[in-house]
Amino acid sequence: MSNKAVVVFSGGQDSTTCLFWALKEFDEVIAVTFDYNQKHRKEIECATSIAKELGIEHHILDMGLLNQLAPNALTRNDIEIKAGENGSLPSTFVEGRNMLFLTFAGVLAKVKGAKHIVTGVCETDFSGYPDCRDIFIKSLNVTLNLAMDYNFVVHTPLMWIDKAETWKMADDFGKLDYIREKTLTCYKGIVGDGCGECPACKLRKNGLDKYLESKKN
């Protein structure tokens, strides 16, 4: 099997951790970032900067049609960022995003002769997003294999760990400070520790605090 991987890469904490994971697991790593007209272009700038610094082949694919089909708080200024209520999904959920991203990552992987696809989705902290579930990833893996007659393996290194354990993984790679300072998780587009107020920043900070506290014990 080809020892080459394509990493779905946003420039955020999770995908950057997965990028470092892939660099340890595979001989060749390619990063792919999707431009879906997200409000904060800084996300793409972060991904580009990190890929360049690490000397990784990097592709940016235009997925602007996703914004046309599925308006959400990550692409529209007139939609408030808020958690889901009464069983509804959070306003930050982008319908079909992971399905489309992984499908196009699969197309790129096959063209590049890569068998492995890496994504940072996580069921532990999935915030109610249905396309972050393990059952979805396994199902899509089978579908991609059938659709392209190709033996892909979709890897989800973070699937069963929480944010504290994700920080531990980064620390084990010797990259905790790098990921803390250079990645963008914040819904308000602030690099590093972010605004500290949005749901993404709170999840990230709580995980970091929990991990750093565990190191003292």
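Every residue, even glycine, has its Cβ placed from backbone N, Cα and C.
DSSP gives Gly11 (ATP binding site) a coil state; it is part of no helix or strand. Around Gly11 (ATP binding site), a 10 Å sphere centred on its CB holds 24 further CB atoms from the protein chains shown. Feature annotation from Swiss-Prot assigns ATP binding site to Phe9, Ser10, Gly11, Gly12, Gln13, Asp14, Ser15, Thr16, Thr17, Cys18, Leu19.
Sequence-distant neighbours of Cys186 (Zn(2+) binding site) (same chain, 6+ apart, CB under 8 A from its CB) are Gly194, Cys195, Cys198, Ala200, Cys201. Taken from Swiss-Prot, the feature Zn(2+) binding site covers Cys186, Cys195, Cys198, Cys201.
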**Asked** Which residues, same chain and not among Cys186, Cys195, Cys198, Cys201, have a CB within 8 angstroms of the centroid of the CB atoms at the recorded Zn(2+) site?
**Response** Thr185, Tyr187, Lys188, Ile190, Gly194, Gly196, Glu197, Pro199, Ala200, Lys202
**Item:** For Leu19 (ATP binding site), the three-state class that DSSP assigns
**Value:** helix
**Request:** Report the same-chain neighbours of Gln13 (ATP binding site): residues 6+ apart in sequence with Cβ closer than 8 Å to its Cβ, ordered by sequence.
**Result:** Thr166, Ala170, Ile179, Thr183, Thr185, Arg204
**Prompt:** Of all the binding-site residues given, Leu19, Cys195, Cys198, Cys201, which has the fewest Cβ neighbours within 10 Å once its own Cβ is left out?
**Reply:** Cys195
**Request:** May I ask which residues of the same chain, at least 6 positions away in sequence, place their Cβ under 8 angstroms from the Cβ of Ser15 (ATP binding site)?
**Result:** Val7, Val8, Phe9, Ala47, Thr119, Gly120
